[in-house]
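Lifted from Swiss-Prot, the feature list:
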SITE      46  site 'Part of a proton relay during catalysis'
BINDING   47, 206  pyruvate binding site
SITE      109  site 'Part of a proton relay during catalysis'
ACT_SITE  136  active site, proton donor/acceptor
ACT_SITE  164  active site, schiff-base intermediate with substrate
């Protein structure tokens, strides 16, 4: 059984002032995250600005972070694509690098029907039969919802072992849990829904907030699994304003601004994303100060 851990950080991609990938800062940030609660790192996911990275940049990032972490956390490569051929090639290369798994987003823009989604993910799984795969359902970005019945079919494939569920629908998450084996791991794709998702059978979170509060997320999940629901609820309530603030505009704009406020040289974003405006930066500064994060 593959265990990616409870708290997985969807890591930002740092850029230099010239807009090139800053591999040195990526290395430093990865090490910091692992020291502060992250048992896994998703590299080149949504938060990592994958749409504006080249495959060469992505694979260099995979190698850089893999070397920096040195086995202390799972490295999960964002190899999803709306081209099955490209997703297969990227996943095969990630497997050859010795990474711990891949995150595969639902194909976007071309809006395949459920049978097309099933065949897409099955083709990737069959191309890398020994490589653990995590599905990624985020209909707000892809325009298509991966339905529980389709997920259940995919969970029968031995190397499709988990899902990052970011539909925001707890009924759907409950149905996924009902239809899949207990060893199939369900991760929250929304920080604000991590605690509710645990209550319906989730195991953890693929998080943005864990850049800042990874240790606290670990404490919340541990408290819940130990039956200390009131403790978990208190942590959730304390962190909820942060969870909301990090999505006040398009992710990863706020988290990059927050990291810059903490002194991390993560740089700006690549167009068409833009940096946080002054009002957002000031809101984040005030919030981080109130949470003793500055």
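Yeah, the Cβs are placed from backbone N, Cα and C, and that goes for glycine too.
Location within the structure of each feature annotated in Swiss-Prot.
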residue: 46; record: site 'Part of a proton relay during catalysis'; Cβ contacts under 8 Å, 6 or more apart: 10, 78, 105, 138, 141, 251, 252
residue: 47; record: pyruvate binding site; Cβ contacts under 8 Å, 6 or more apart: 10, 11, 12, 208, 251, 252, 255
residue: 109; record: site 'Part of a proton relay during catalysis'; Cβ contacts under 8 Å, 6 or more apart: 82, 142, 143
residue: 136; record: active site, proton donor/acceptor; Cβ contacts under 8 Å, 6 or more apart: 45, 80, 103, 104, 105, 106, 163, 164, 166, 189
residue: 206; record: pyruvate binding site; Cβ contacts under 8 Å, 6 or more apart: 8, 9, 10, 42, 45, 103, 164, 187, 188, 189
In three-state DSSP terms, the structure that residue 46 (site 'Part of a proton relay during catalysis') belongs to: coil
Cβ neighbour count (within 10 Å, all chains shown) around the residue listed as 'active site, schiff-base intermediate with substrate': 26
